[in-house]
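Working notes for the structure below.
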């Protein structure tokens with residue numbers, strides 16, 4: 001039979017474990033000290049017998065289902081069922097578990113003893129609605145309706161009366177209205193009663209008026225008409241007007257309209273000739289043009305004479321002639337040459353009336369082919385709408401030019417969400433600038449050009465210095481140079497340059513061919529050959545070099561110095577790394593090979609004072625990890641193991657008890673008096689440190705023997721201090737005699753043993 005757990009037993013049996021009982025803890029009646037406890041006899045049921053019927057006979061027997069044959073239940077039983085027999089007077093536990101309602105007195109609050117938070121909340125609908133503002137509004141509305149109805153009836157009645165009675169009636173009505181207002185202000189309650197009486201006096205027929213005769217239209221001739229002059233208010237301008245508008249490097253004269261709010265650009269008219277915006281530029285270009293060829297001058301003169309009556313810059317299309325553009329050619333010669341005839345400069349014959357600021361075309365005709373400098377696209381930063389972009393927010397450091405679109409390497413927190421540089425496409429940048437920052441689309445190309453120009457500066461061509469062209473000071477050479485053509489000058493200059501370059505070229509080629517073999521000679525390179533190890537390491541030099549002794553010593557000293565320098569540098573580097581790791585919080589770097597028990601305590605003390613929550617120790621052997629966990633327990637910290645095999649280490653964490661409890665230093669001192677040193681098991685120790693911690697082994701000397709050598713040949717004679725020799729001398733032995741009795745003295749010379757390294761000694765032979 002399976003064992004029954006203790007929580008299935010009664011409360012008394014579960015706690016009764018007497019020492020004198022035969023069945024301890026198994027329902028024994030004895031207590032802890034062996035005394036007997038009287039058990040109360042349990043009745044057949046939990047209901048008490050009573051002669052009082054349940055609910056005075058009005059209710060059924062509650063226990064009839066599980067206790068048939070019983071028809072009476074005492075009041076104590078009912079109280080026990082609903083509220084508990086031994087419950088406190090105001091126990092929330094029993095009141096929540098039982099379905100009863102204690103101290104239910106919602107009507108009488110004084111008689112009820114229950115707290116207000118335990119009483120049920122009841123909502124009762126009011127019989128009357130208390131709204132004083134609503135009543136006042138209703139009264140005022142009724143008063144206004146009666147007053148308006150009386151005025152309408154009186155006005156309609158006065159239409160049919162004589163004109164003489166109208167004045168008296170009006171005075172009477174005004175007096176009556178004033179009296180009514182005084183009465184209303186003095187006695188407001190009386191007006192409420194009069195309103196109901198007035199409403200009852202007015203009949204329904206008096207409320208409506210039927211006009212049987214049509215109303216005659218008034219005579220408009222008798223109405224006087226007055227003409228009122230409108231006074232024009234002076235227009236206040238908050239911005240100071242500047243008659244000169246500067247756009248880039250162009251200045252335009254601007255005029256302000258008197259009545260209209262428009263600003264126009266004044267274009268000067270020089271007589272009947274119409275001003276052209278490029279007239280000055282064209283005249284300067286034509287003024288500076290000249291040709292040295294006389295044939296070209298004659299050809300130009302023929303063209304001018306043949307087309308003198310026609311415009312010089314006439315277009316072949318007939319539509320341009322209809323538009324009214326009439327060009328007149330004019331040409332000025334810069335040189336004082338009378339042979340060249342001047343021609344008139346091209347000018348427009350159509351008048352340009354006005355140029356609007358907003359770019360609208362106000363002049364007549366279809367002059368789309370003409371463009372003014374003011375209509376060209378301005379650079380970024382010359383318009384007010386350009387300042388919606390803060391160049392400090394969008395920092396572009398690089399650009400990748402593409403066939404269709406470009407990519408930008410920029411930093412923008414609003415676009416990217418961080419302060420790092422990222423590559424983004426041009427579409428993403430334009431959408432952000434237009435949608436998010438609000439830059440107009442017409443200014444977008446100017447902004448992109450601004451970014452490109454800031455990253456890729458324009459390279460201006462260098463001015464030619466003509467330093468490679470020889471210039472003579474003599475007047476003869478100057479005259480001859482001016483008389484020759486430009487092509488002859490170039491040929492002469494190139495010949496002079498080539499002659500200077502070729503000077504000494506033959507000698508240079510000869511020298512190069514002479515030393516060509518030595519220049520391209522290859523040398524065999526290999527590492528230095530050495531012998532020995534450590535401090536005994538020396539340079540091995542070939543005897544075929546036939547170097548003298550001084551040179552060999554110099555090479556050996558340099559080689560040894562090189563080795564010492566490398567060792568010092570390596571040692572200094574290791575010392576520097578160790579010094580830096582001593583102040584590190586990482587214990588794997590701080591203790592590269594092992595740690596002392598005092599180091600473990602110091603680490604716990606520093607960890608207790610720091611704000612860190614975790615501390616990881618280096619991997620130790622199982623006993624070392626267990627020691628660290630014991631110390632962590634005495635410091636009121638939580639410890640756990642991480643890793644596997646040789647990489648198992650202990651991690652210490654702080655808990656709530658660590659802050660409010662002090663460490664147990666007595667137990668910590670006991671652990672410190674035990675094992676002192678703990679080495680790491682995840683790395684190998686160097687030989688020097690391994691020899692310091694491990695037991696050194698005795699090293700026996702190695703003896704070398706030679707072929708044919710007699711064993712013990714050089715051994716000294718046994719002296720008189722030897723106790724064995726003294727005993728033999730007492731027995732009658734003398735030096736040089738053999739050992740034995742009389743007649744059998746033995747040999748006087750010992751048998752010699754020779755070393756034979758080329759013999760195998762006695763061995764078993766098959767023969």
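Each residue, glycine too, has its Cβ placed from N, Cα and C.
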Given ranges 176-200, 201-225, 226-250, the stretch to which Swiss-Prot attaches the annotation region 'Disordered': 176-200
Region 'Disordered' according to Swiss-Prot, located in which of 466-493, 494-521, 522-549, 550-577: 466-493
Residue distribution over DSSP helix, strand and coil in the domain 'R3H' (594-656): 30 helix, 17 strand, 16 coil
Secondary structure of residue 255 (phosphoserine) (DSSP, helix/strand/coil): strand
Packing count at residue 255 (phosphoserine) (other Cβ atoms within 10 Å of its Cβ): 13
Rounded mean pLDDT for the residues that make up the domain 'G-patch' (720-767): 80
